[in-house]
Structures are given as structure tokens and as C-alpha cells.
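Asks: Have a look at the structure that comes next, please.
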Amino acid sequence: MESIEQQLTELRTTLRHHEYLYHVMDAPEIPDAEYDRLMRELRELETKHPELITPDSPTQRVGAAPLAAFSQIRHEVPMLSLDNVFDEESFLAFNKRVQDRLKSNEKVTWCCELKLDGLAVSILYENGVLVSAATRGDGTTGEDITSNVRTIRAIPLKLHGENIPARLEVRGEVFLPQAGFEKINEDARRTGGKVFANPRNAAAGSLRQLDPRITAKRPLTFFCYGVGVLEGGELPDTHLGRLLQFKKWGLPVSDRVTLCESAEEVLAFYHKVEEDRPTLGFDIDGVVIKVNSLAQQEQLGFVARAPRWAVAFKFPAQEQMTFVRDVEFQVGRTGAITPVARLEPVHVAGVLVSNATLHNADEIERLGLRIGDKVVIRRAGDVIPQVVNVVLSERPEDTREVVFPTHCPVCGSDVERVEGEAVARCTGGLICGAQRKESLKHFVSRRAMDVDGMGDKIIDQLVEKEYVHTPADLFKLTAGKLTGLERMGPKSAQNVVNALEKAKETTFARFLYALGIREVGEATAAGLAAYFGTLEALEAASIEELQKVPDVGIVVASHVHNFFAEESNRNVISELLAEGVHWPEPIVINAEEIDSPFAGKTVVLTGSLSQMSRDDAKARLVELGAKVAGSVSKKTDLVIAGEAAGSKLAKAQELGIEVIDETEMLRLLGS
């Protein structure tokens, strides 16, 4: 049996290894929850045996040593970490400790913030001018990232307003909105660049570039949450007051900061944020709860690595470790072959996960994944679970290589990978049962033709029984034929037939989206429908003319042109129209005749809107003569930026495109 000293040494060595991977290499090997568990185990042992605590124990310091490639900045005031709680009982115990330590009847008010999942930084302003910036590093010394921080547009290079201190060190989190993270990885997969496991790693990797020009291209943003150095000036005597003052000076502060008068209000805030988490547009892993009064903070003081007046209340882990039992290959509606990891079932963020996407062959190679490996699984919001990384230090001896198929696992056709593309595809087309099934499921989906009651299992049976080969065949189905399907009685069958009849009346945009043309999503379909107005005009369009549509480049234009050039596709469209599929005649909007500040402009919406839905905003803009695009380009005239706007806002600023916020949009809509 190991001695206490051996257990402590082993735990400290393991934690230091993972701290180095997380803080220095930006390549964590284990989930945060596993790190937290190890840290709790170490802290509990040290609490029982305080005589064995060493000055270099992970419980006594923060982070890891800085990279040698950066010069170093010593923090004048140490950048400490926060203690964590993981459930209501632990938070209430923390609340009681605070009340007991203050030993007074004075009320405690809590300032609650989002716990952003990014990289902690300190930014020093002298006479209102940004002079330096550093990472947290080991809490005492960080890396000099001044040049990179200066490229982040959310961070002012000069504060504005009155009574700015002579020296002010602001602390906060640099992070990457989810939209920006997805765009970076999408570009990386296309070009063979580095794919990041999550937004936190992407933010850290972007901020710690030796070339600031690379950082400048990444849509990083920033929220401040505290103060380090303060000289030659004053700040309010509450934490919230300080954040509001920062905002007046031009520093970005989250609008979700909330003052809570009791522990019950704090718990309500925690649960509301947890509920809103999937819609925020950026990653958080909990909430931070701080005593609002600076005087009370001073009374409470600090322990070795954290303040006694604050705590991080973390959400259930979104990452867990498990084993890959097998890798199977699925075929999508465009023939894309997607590897899927079959996992030893594990609960992640409250959901039992047994499968995770592996994206493509490049991703398997990047991960170095083998069947039998121990892996970290991540599930965030509604995102499909994915393998974040392989725990190489715990690789079993009997793992097997993952062999990507050369023939379709469904129809046996050749698998082809076009040069420059990450995706391998089955060449079978509609002779492939899997492609046929997925194409039909897309066609009847809610945002396409919206056939109520026609679920995936019905489509599967229709294809397997050879009742349906093309979308047009769906409209030839009778209640009698449907009744022969599993779990389909006469009433249900008639309901499906009625839903198919109702679906015949649609819109041109929905119809185009339902056809499943490669790279044509809802926004692009709407843009094509608005620009060409009729099916005949779209079918006759050249690749050059297609590129005049907002959001349509050479790749999408080629896919659209090739789709309509294919005789079998034109035949399916003719059959659909013959079965009665139709849509209203286009209403031609002449922008020149509309008296509106949006008339004739190409507009892009980004971030979340609070006063109206995105669909309502799009519809209103189109009514006023705007063309609404899905991405920012040189053709864009105006960007409307809501909360947590990401890469689109950064690109607009880079291109010098006019940007307005939601308040200004509403004013102009009403003018």
C-alpha cells in the first residue's frame, strides 16, 4: 500500500503534467472534470496532513511556467485562481463560511458573472493608454502578449472618459465565440491546417502566436472582470461599480453581470445561465460568484491560491473519458463518408453518449486514434458529441488501426476523395440506398418541404421496400400503400397523405433548399430565390451570373450550375411540378422605389438579437429592399451585430464595412 507521501508525490506529478499541457502547450489530455477531481483529492490529503504541504504543490500556485519563446512580465499583483464548487450544497457551505468569517450582521450582496472558458489576461493602461498585456502564466509571471492583444478589436488601445487612473491593470478573459471557432476549424480542415479541439484551445493558440498578424485574423474578443494594479486614481467601492466604471471607459463587460441579494437569488442566477448556455454563442463552464463589497473582500482576504470572497460554481462536466469500441462509417445524402466512434457508454452533461463523430480521415489521423483507445468526449449544447483527444498516456496494448473504406459500406461503389477536399464520398449517387434515404429525409424536413408526420423510420421503410426512389415518388403515395408499413395504421397513413398534399404549397426558397444542392443552405437558397425570382431564370443562369448573388462564390455557383445541368435532376424537378408542387409568383421589389436606409444594400446579421427573432429581422429588412446575406464579403454594405457577435463582426471591421448594433437597427427599421 502506498504511503501518504507517495500518494501526494504521485498526485502532484500528475497535476503538474496536466497543468503544463493545459496552460503552456494548449493541448489538454484530460477533461477539466478529471483535473478538478485530482485537485480535490490532493487538497483533501493536504488538509488531513498539513505538515506535508510543499511550496511548489499545485494547490499553492496557479497555471504553469511561461513558454520560453515569449518574453516574460512579472505581475505586480499575483493573478490568483478561484476555488470551485460543483453543487448547491457546496455553494451554500461557501456562503455560510463567508457569513461566519465576517462575524457581523452586515448583509452580503453577491456579484455574479459568467465563467468564460478562455484565457485569463492582464492589461496595463498608463494614463489611459495600453502599454502591456500578459497571460496568467504561473500567477506570478506571465508571457508578454502585448502585440497580440493590440490586435483584438474589443480591447481599446486608449481609454476614454474622465478620472482615468495613472496606472490601471485590468484583468479579464480573452475568448473565441463559437461561430469563429467553427470557421477556423472549417478553414483548417479545408487547407490541412491545425484543427482545434474546442474554442478555449483555439483562443489560447490564437493569442499565443509569435506572429501578431495571425492573431489579428482570428475573431478573438474579451470581457473584463477585475483589477490588478491601481495607482493615481480611484474606483468605486463595489465590484459591480468597478465593472460599470470600466464600461464607461470603453472596456467590454458582459451584460449578464447580475447583483444578487441572497444565496437563493444566486442559485436562481446559476440555473438561468445554465438554461441559456446553449444560446450564448460562446463557451462558459459555470458562473463566478463574488462578494460585491470591496471592504468585505478585504476582511475576508485570501488563501494560498485563491480569494476567500469568490468562488466558481461550475456546471456539470461537458467532457468525460471513455473507450472507443469500434469505428463505423455512415453515408450522408451527398455521399459523404463519415466515420463514427462507437463508445463505451458514458454520461456527458446529463446525457448518455455511446457515439461520437470523427468527421473524416484527416481528423482520425490528427487525433492518432486507434480502436480501443481511451479518449476524451465533449458534448456542448446541442452539438453532436465529438472525440476531443486520445489519452495516449493510457493507451492499451491491444489497440487496432482504423482503416478507411475504399468502397461504400452500403452499396459497394468506389469511394472517391477529390484533391483539396477533406471529405471522401461514395460515387453511387441515388443507386446508393443510404444517399437516397438521407436525401429524402432532408427533402421532407421542417425547414425544407415540412411534411408533418413523415419521420426517419417511415423514409427508411419506404426506401427499403422500393416504394420511393425520388422525391416526386413521395407525392404518389396512397394511404393504402402507407398502411402496409410498420406501426402505420389507416388514420396515421391518411394524416401523412394529407401532410404531403399540404406540403405541395411551398415557397421557391424552401423548394430550392429541399432539393439538397451541395453547399446550398437556407440562407443561400433564400438569396438565389430572391435574386432570380423564377425557377426558369435560375436554371438558365451561368456560373458568372450565379456569383452576383450575395454569399455565392465560385464553389457554390459551380455546385448550383452543375445540379441544374444534370438531366436526372431536371427530370425530378419536372415530376415534382407535375405532382402539383407550386409556390406564389415572385413579388418584385424595386429597391429604388423604396424610401429606406436599407434599400439596395447587402446586409449581414451576426450575433444574437434580443428584441426580435432573426427570421423576423430578415423579413423586415427584405421588405425594406435589403438583400440579406449569410456571410461577410467585399459585397457587404452593412453588418448588424447583436450580442456575442463573432467572426463576421471581425471580418467586417477588417474590411472597413459599416457596423451597427441592434438598437440602431430597430431605430432605422422604425424610421
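Every residue, even glycine, has its Cβ placed from backbone N, Cα and C.
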Asks: Which of K194, K272, K314 does Swiss-Prot put in the same NAD(+) site as D32, A33, E34, Y35, D36, S81, L82, E113, R136, E173, K290?
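Replies: Among K194, K272, K314, only K314 appears alongside D32, A33, E34, Y35, D36, S81, L82, E113, R136, E173, K290 as NAD(+)-binding in Swiss-Prot.
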Asks: Looking only at D32, A33, E34, Y35, D36, S81, L82, E113, R136, E173, K290, K314, the residues listed as binding NAD(+), what is the longest Cα to Cα distance in Å?
Replies: 25
Asks: Could you name the residues, excluding C408, C411, C426, C432, of the same chain that surround the Zn(2+) site, i.e. Cβ within 8 Å of the Cβ centre of those residues, in sequence order?
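Replies: Filtered neighbour residues, in order: V331, G335, P409, V410, G412, S413, T427, G428, I431, G433, A434, Q435.
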Asks: Among all protein chains shown, how many Cβ atoms are found within 10 Å of the Cβ of K290 (NAD(+) binding site), not counting that one?
Replies: 21
Asks: Which whole-number value in Å describes the distance between the Cα atoms of K115 (active site, N6-AMP-lysine intermediate) and L82 (NAD(+) binding site)?
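Replies: Cα to Cα, K115 (active site, N6-AMP-lysine intermediate) and L82 (NAD(+) binding site) are separated by 11 Å.
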Asks: What number of additional C-beta atoms lies within 10 angstroms of the C-beta atom of C432 (Zn(2+) binding site)?
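Replies: Other Cβ atoms found within 10 Å: 21.
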Asks: Based on Cβ atoms within 10 Å, give me the single least packed residue among the binding-site residues E34, D36.
Replies: D36
Asks: By DSSP assignment, list the helix, strand and coil residue numbers for the domain 'BRCT' (593-671), in that order.
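Replies: Reading the DSSP string over the domain 'BRCT' (593-671) gives 29 helix, 18 strand, 32 coil.
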Asks: Among the binding-site residues listed here, L82, C411, C426, which has the most company in the form of other Cβ atoms within 10 Å of its Cβ?
Replies: C426
Asks: What is the total of other Cβ atoms whose distance to the Cβ of D32 (NAD(+) binding site) is within 10 Å?
Replies: 19
